[in-house]
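Engineer: The domain 'GtrA/DPMS transmembrane' annotation in TrEMBL covers 11-131. Residues or ranges marked as domain 'Alpha-D-phosphohexomutase alpha/beta/alpha' in TrEMBL: 175-306, 346-434, 447-563. According to TrEMBL, the domain 'Alpha-D-phosphohexomutase C-terminal' annotation covers 616-661. Here TrEMBL flags 12-33, 39-56, 77-97, 109-130 as transmembrane segment.
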């Protein structure tokens, strides 16, 4: 029942109220005032209301991204069937039940009954038939792959070795193309990342751009990334698009720069960021070097959804004239652009800072090392155990610099060598994590703390008044509050750096202070339009060197900021809930929070307001995000992940002192854990 009575049902009811008020008025006016017959009056209701209903339910209720033509045909069939079943059943039933009463009274009751029956049938039909998405017969799809002439013997052998559960999971659907592109486990199948699904995504991009365009293609150190990049290039080339393919491992910041520098019409990065080794993905960029906006991503998704055969997509030869190489020249220009962000810090301070760096087996190694060397840092220790390019990421469970355990080896080196700071980048080098020596141990900084420290550092070292900080609605308030003390305004967007970068594109470049979000992504320049772990590594080390020269660690600086602005506790906690049952629990948790109102946390804190971004976007595009704002300025936000089976909770706790902040934090966390457990 939970699958049927949920948020979609609530939105359907809202749309239904609008259509019902309009349609009912038309129907009864035609019958009672214009003298039209039962059938003409009831039919007019649905003829006139169907167009409005289709538009609202497609865009608002079910947020369907498939073919307009196909869903339109299904919608028409559904309306017709529901109409004839509902009203054809209602009239004889009511006439029989009411006996010999006046005909016009019985027919009015019959129309009302028919409307109720129609509403129920229409909801079920639209949800599961019209907008329910294509339900793939996994066995039929599997057999198509097994018998396809396009697959080689090794690919067919892997298919033959799959268990029934593995077959189902690999073929029960097509891998979805969302606003962040496409990401999934590598392997054979329509629900996996492989050369065929990569080709399908590339073909969708080609259809969006059209022939004669130019696209830069980058790839990180994940298994098969280089190969998948080549497959994408061959698809674009076959479609008449010039594919500029990097000749080396190429992180996200470099791709964004290349798109802008080479005046490309788009870009692709083959990466799954910091996901587990089994994953890979396909990220798409526009001509500004920003990840593709939702409306354009939806067009690619629609193209992908409508491909009849994902195995039969035209590809060019690897030596096609439309496939060209990006080499050292663009890399040199990117590295020079990074150096322009350097802050004026005394050279002796930089030479006195000892750094330990880990690339976590990713693409950042040479770029970060060269950046630090050019910036004047001579004492940099590379974690050799994590320096090789290895898509298995053998020294970590997951190469995510947000998780402190990935720094275990680096921390040991730092403690033995007396290093001042430990930094690490993820495989595509757009995120940066850091820990600093403080009172004899390494203390790790959260994304919110790093953002606040950078805001303070840049506010001191650069002209800042009148500029704008761009961040997300789930990023803590400390950074914006610190920036405000330097005369910097703040713009908030939804999560995802593509939204932050889109706001950057609306501003004059000299008005941009910096952009960052709590998930360890920072950008302090205008040379690209995505997160940049490479330039941020330089700024982090410059900041640590600057404060070390004054006898302070970055933890000391945080304490100074707490003293000035109040104590902040920022934390993000995720609950992984896998499978169909997990998806139901996530929906139930969001519904409990959405319907609980101000009372749900009443015994812990006074709630000022609940912001529901799925109903009132507060100036932003709609998203499934809830934010409880408390009267002392603290807040708690919740949102389901768009790429993983988890629900995320974001805490921004403010207090006059540490004790008050910690008590509020503990109370809210306990309540959230209770809600998750009960779902």
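Cβ coordinates are placed from backbone N, Cα and C, and glycine is handled just like the others.
Any TrEMBL annotation is an automated prediction that lacks curation.
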Engineer: Hey, which bits of the same chain come close to the transmembrane segment (109-130), Cβ under 8 Å, at least six residues off its ends?
Structural biologist: 4, 8-9, 12, 16, 20, 24, 27-28, 31, 38, 41-42, 46, 57, 61-62, 64, 71, 74-75, 78-79, 81-83, 85-87, 89-91, 93-95, 98
Engineer: Residues of the same chain, at least six outside the transmembrane segment (77-97), with any C-beta under 8 angstroms of its C-beta?
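Structural biologist: Non-local partners: 38-39, 42-43, 46, 50, 53, 106-107, 109-111, 113-115, 117-118, 121-122, 125-126, 129-130.
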Engineer: Counting by DSSP secondary structure, give me helix, strand and coil numbers for the domain 'Alpha-D-phosphohexomutase alpha/beta/alpha' (447-563).
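Structural biologist: Counting residues by DSSP class gives 61 helix, 19 strand, 37 coil.
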Engineer: What are the DSSP helix, strand and coil residue counts for the domain 'Alpha-D-phosphohexomutase alpha/beta/alpha' (175-306)?
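Structural biologist: Taking the domain 'Alpha-D-phosphohexomutase alpha/beta/alpha' (175-306) as a whole: 52 helix, 32 strand, 48 coil.
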Engineer: Which numbers of helix, strand and coil residues does DSSP report for the domain 'Alpha-D-phosphohexomutase alpha/beta/alpha' (346-434)?
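Structural biologist: Secondary-structure breakdown of the domain 'Alpha-D-phosphohexomutase alpha/beta/alpha' (346-434): 32 helix, 16 strand, 41 coil.
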Engineer: Do you know the DSSP helix, strand and coil residue counts for the domain 'GtrA/DPMS transmembrane' (11-131)?
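Structural biologist: Counting residues by DSSP class gives 105 helix, 0 strand, 16 coil.
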Engineer: What counts of helix, strand and coil residues does DSSP assign across the domain 'Alpha-D-phosphohexomutase C-terminal' (616-661)?
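Structural biologist: Going by DSSP assignments, the domain 'Alpha-D-phosphohexomutase C-terminal' (616-661) contains 4 helix, 21 strand, 21 coil.
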